Each structure stands twice: as structure tokens, then as C-alpha cells.
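Visitor: One structure coming up, written as C-alpha cells, with questions to follow.
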Amino acid sequence: MDDIIAVLEKEAAENPRSIFAHHRLALAYFRAGRLQEAKETLKKILKLDPQNFEALTNLGTILAREGELEEARKAFALALKIYPASPEALTNMGLISFELGDLEAAEDYYRRALEVKPDLPAVWVNLSTVLIAREDYPAAEEACRRALEYAPEFSMAYNNLAVALYYQGRKEEARQALDRAKELGYPVNPEFEKLVRT
């Protein structure tokens, strides 16, 4: 990987105004775990083209990974001004909003992403997590079932389905969903499992 990075660094140095060259270098840095260098390279792209959607979303991803959630939110918000219907940017805004404790915003972003592209099982599961946190268990159940339509072996969807069913008083169905989550390898919460099995 170091050899590839050296070639890409040379290419970017020889073509300082090439967004393509800088973007390839940023991705190579990212894949090599050199996040600081990836961020710096993405910022160079944004100096050349402040409206570069890909650079903004990649920068937001790195910032979120590093725990800089407010800065990540700013990057994704700028990306959404450029491409308001981006499922990727909407989903990332949902994740960040959830991490920051803004459940209403998280739900809104996930729903907007799913309006654009409903066949995203992970987003349905993320939505179910928000709905469980908001204690809207029937809606959480529906979100889990939608996830399972697209990914029938999605263990986390079964786990969240078990939670939603349990808190609706449907203990036997919850136990079955939890058993399926375990069969698929999901690390279920032992305290919740005790509740379901008693």
C-alpha cells in the first residue's frame, strides 16, 4: 500500500489542481488508516471545489469515525445542500443525530433516506433503533419487518424485532425473534434475554 500511496502522492504533487488525483490519494490514505492525511487531502479538494459532494461525504465519514460529530454533521449538512436526496448523506446525518441524542432528527433523516431508496435494510434497522428509543414499538416492529423483507438473515433486525414485540406484550413472538437473532449470530443482551424467557 505504501508503494501505491507514493505513486499517488507524486501524481497529486505533479497535478496540484487535479481533484481526481487528490481524491484517489485521499481514498488510499483512508484505506491505509492514515486518517489525518486523508482529511488534509479532502480539505485540499474542498479548497479547489467547495461543492464537491464526494469530498464532503468522505470528510464527514472520517470526522464521525474520529468522534468529531459536530464537525461531521457540518460536512454532511453541506453535502445535503448539494444533493438533498443522497441516501448516504441522509443516513449519516441520522447516525450522527442519534449519537448526539436528537432522536427526532435521526428519525427524520432515516425516513428521508428510505423515501429515496427503500431497499436499505440497515437503514430500516437504524430507524427501528430510534423508534425503540422513542418507545414507538409498533412502528419499530414495522421497520424491522421491512428490513427483513430486504435481508431475511439480518440478525440485528430480529433482535430489534424481539425488543419491539416484547414491549408490545407479545412475549412468545419476542422469544422466537430473539432465538432467530441468536441463531444468526447476534450477540443478544443477556439481561433482555432473561426478561424474554421469564
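Quick reminder: no glycine exception, Cβ is built from N, Cα and C everywhere.
TrEMBL: automatically predicted annotations, no manual curation.
Residues annotated as domain 'Bacterial transcriptional activator' in TrEMBL: 48-196. What TrEMBL lists as repeat 'TPR' is 19-52, 53-86, 87-120, 121-154.
Any idea what these are sitting next to in the structure?
Guide: A mean pLDDT of 97 is what the model gives for the domain 'Bacterial transcriptional activator' (48-196).
Here the repeat 'TPR' (53-86) has, by DSSP, the following mix of helix, strand and coil residues: 27 helix, 0 strand, 7 coil.
Within its own chain, the repeat 'TPR' (87-120) is flanked in space by residues 57, 60-61, 64, 69-70, 72-73, 76-77, 79-80, 126-127, 129-131, 133-134, 146, 150, which lie at least six positions past its ends and keep a Cβ under 8 Å from the stretch.
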